[in-house]
Amino acid sequence: MSQQPSVILATASYDHTIKFWEAKSGRCYHTIQYPDSQVNRLEITPDKCQLAAAGNPHIRLFDINSNSPQPVRSFDSHTNNVMAIGFQCDGNWMYSGSEDGTVKIWDLRAPGGCQREYESRAAVNTVVLHPNQTELISGDQNGNIRVWDLTANSCSCELVPEVDTAVRSLTVMWDGSLVVAANNHGTCYVWRLSRGNQTMTNFEPLHKLQAHNGYILKCLLSPEFCEPHRYLATASSDHTVKIWNVDGFTLEKTLQGHQRWVWDCVFSVDGAYLITASSDSTARLWSMATGKEIQIYHGHHKATTCCALHDGAETSPY
């Protein structure tokens, strides 16, 4: 590709493709075939140069600025669906969580494979990195939330908000002040995070939110440049995404338009827009100010399962 667009927007689908889109026009300008498996999660590296695709059981890293259909790197030691991936803020290492019951860390500066592995003892659905860059928080199919202290190299905390109710998604506020866990009963549990006497993070229960009647498939707190507004987005099997004001957890807006389950969502860097991905085979761009649909990304032939957005600058490019 001759010139990298300022906005990197990618989606993946059960049709075994990854597509790159012009966010404003809705035009698909590049498609990567992904024959190995479905793609469960997409994540863009902090430098906007590479896209990680989590499949079953591999993670593939693609060069965003290349037309080559081949990944530049593959990570192969998981043994089941990889459900979560993300990057340390400088892009030095990547983390992943899998239905094989493990959380892994991969050194991206070295050619070797897995650097560390943590055992969750149940299928891992979601993993997030605390903004302090030293703790990973995972949620699993048995309802366990665990904090993995990367400095001590051990599990420092375990929580079970609802026994035997799968934790589907976790999100942490950009300043590390809150964590939200969403489950299969449509409930969000909110904790205030504080530092204990040592380095360990303490969870102080703050709120329980019955957000949807169906599953919550993704929850996401708004980014730093959205301040002073703070929002929680919840994407659900009920075909909607709801936007909640974190101050009191009141419902601000319900985004309606998708015809099937909404699997994923991602905020623009300033929190003014939201991208969503749905089983109706589309991704959509929404205005947070109006709650209205601005663009629909048509092109996938089966369920669109995940989306990734990196729009770089602090001001909105749309």
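Just so it is clear, glycine is given a Cβ too, placed from its N, Cα and C backbone atoms.
Annotations in TrEMBL come from automatic prediction, not curation.
Some features that TrEMBL has for this protein:
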REPEAT    9-31  repeat 'WD'
REPEAT    75-109  repeat 'WD'
REPEAT    117-158  repeat 'WD'
REPEAT    209-254  repeat 'WD'
REPEAT    255-296  repeat 'WD'
Are there residues at least six beyond either end of the repeat 'WD' (117-158) with Cβ under 8 Å to its Cβ atoms? List them, or say none.
80, 83-89, 95-105, 164-176, 179, 181, 183, 193, 199-203
Average pLDDT across the repeat 'WD' (9-31)?
97
